[in-house]
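Peer 1: Shown below is the structure under consideration.
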Amino acid sequence: MATGKIIQVIGAVVDVEFPQDTVPKVYDALEVQNGEAKLVLEVQQQLGGGVVRCIAMGTSDGLSRGLSVTDLGHPIEVPVGKATLGRIMNVLGEPIDMKGDIGEEERWAIHRPAPSYEELSNSQELLETGIKVMDLICPFAKGGKVGLFGGAGVGKTVNMMELIRNIAIEHSGYSVFAGVGERTREGNDFYHEMTDSNVLDKVSLVYGQMNEPPGNRLRVALTGLTMAEKFRDEGRDVLLFVDNIYRYTLAGTEVSALLGRMPSAVGYQPTLAEEMGVLQERITSTKTGSITSVQAVYVPADDLTDPSPATTFAHLDATVVLSRQIASLGIYPAVDPLDSTSRQLDPLVVGQEHYNVARGVQSILQRYQELKDIIAILGMDELSEDDKLVVARARKIQRFLSQPFFVAEVFTGSPGKFVSLKDTIRGFKGILDGDYDHLPEQAFYMVGTIEEAVEKAKKL
């Protein structure tokens, strides 16, 4: 193993000089003894003259020039397989849950090639989430990629926790959760939520949270993905949850600036599209097994045209857009049914009835949107009888798209509901056909199936 010495430290960036004939390769891991602890560095650039520029996978406090650095001769490797289930790990795959060592069956490098073209498989099977608005408007494909887009505080993490709870319990497969640059409190909540739902033994948790250096936040998504790839290559259907993919981009921006690259649009790294592509192309399903991924995407200043969310859009099969306007009406989940899309919403995949009901719901909501201006200026009385009916049904649909969540029982005080796709389609079809025109709109708010709305109406 070659050894070199530190010649410069600038924040998270460390330059190391090696003898000319033993310069480490890009992405190789180096190790330096920093006081009591060992610090891992990852090579990012070869500067010439035997000098490599590295990013620290931990705090660089206490490093000094002249310290000896060892080249490990391979990229960062993390434990994979069943030993990781029920454990919380950091970017290097080290346990941070105080439960002792992870019995390692095997270690894989976090930098791996994406599956080749002939290995890929395309599935048309639907994944039922039990959340009405998602199952109806933007159905998820098994082995597909879903993005949850939303600004600050509209419910991305709560939606994701509900999805994990519903899918992990109903789907009974393995899941991997990568917390990328999110709040440590959310990671803690998530751990306890999984413990309470008795699904912790089926989930691997990998955290690189907000307080960690950019190197950790940039690579932790790859650590989680590597663990998911191992389960997939064993022939399983695995779920990969990433919260939040925007922080992955942001960590890349920080690293890029520290490495001295010229920024591109809005200050993002010039390699934004390539970095996103390298990650997203590995999240895919092969003929052996599948990875279904759900990714939360923070939208800066609620602007979907920002380069980071815009780059993410291109890789997804379904997009769930959370809207501040809908959240302000008190309708949760605050999914915008007119802005959310799915490649699966096709009569050949979901069937003619589902397709017709979903499009019917969207067209009524769209018409209501157009009539809002007239109502604001002239009032409801100026509308034709047909339009009044459209408005009444649209408001019922809007309320029926809300649903009490299991993970939000503490906030709502009402028990969570899992609604099957069959019940969802039946309920919305009934509203569109006018079967429930006699019920008050309040009866449709925060209920599961249509029968519950009918029951609630009797009490109002």
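Think of each number as a place in line: the chain as shown, counted from 1.
Note that Cβ sites are derived from N, Cα and C of the backbone, with glycine treated the same way.
Remember, predicted model here, so these are calculated numbers, not experimental data.
Features from Swiss-Prot:
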type	residues	note
BINDING	Gly150, Gly151, Ala152, Gly153, Val154, Gly155, Lys156, Thr157	ATP binding site
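So that I understand the layout, could you describe where these features sit and how close they are to other parts?
Peer 2: For the recorded site, Thr157 (ATP binding site), the DSSP three-state label reads helix. The C-beta environment of Thr157 (ATP binding site), restricted to residues of the same chain at least 6 apart in sequence and closer than 8 Å, consists of Glu182, Glu186, Asp243, Ala296.
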Peer 1: For ATP, what surrounds Gly150, Gly151, Ala152, Gly153, Val154, Gly155, Lys156, Thr157 with a Cβ no more than 8 Å from their Cβ centroid?
Peer 2: Tyr298, Leu322, Ala327
Peer 1: Counting other Cβ atoms within 10 Å of each Cβ, which of the binding-site residues Ala152, Val154 scores lowest?
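Peer 2: Sparsest of the binding-site residues Ala152, Val154 by Cβ contacts within 10 Å: Ala152.
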Peer 1: Take the Cβ of Gly150 (ATP binding site) and count every other Cβ within 10 Å, whichever protein chain it belongs to.
Peer 2: 27
Peer 1: When a 10 Å sphere is centred on the Cβ of Gly153 (ATP binding site), how many other Cβ atoms does it contain?
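Peer 2: Counting Cβ neighbours of Gly153 (ATP binding site) within 10 Å gives 10.
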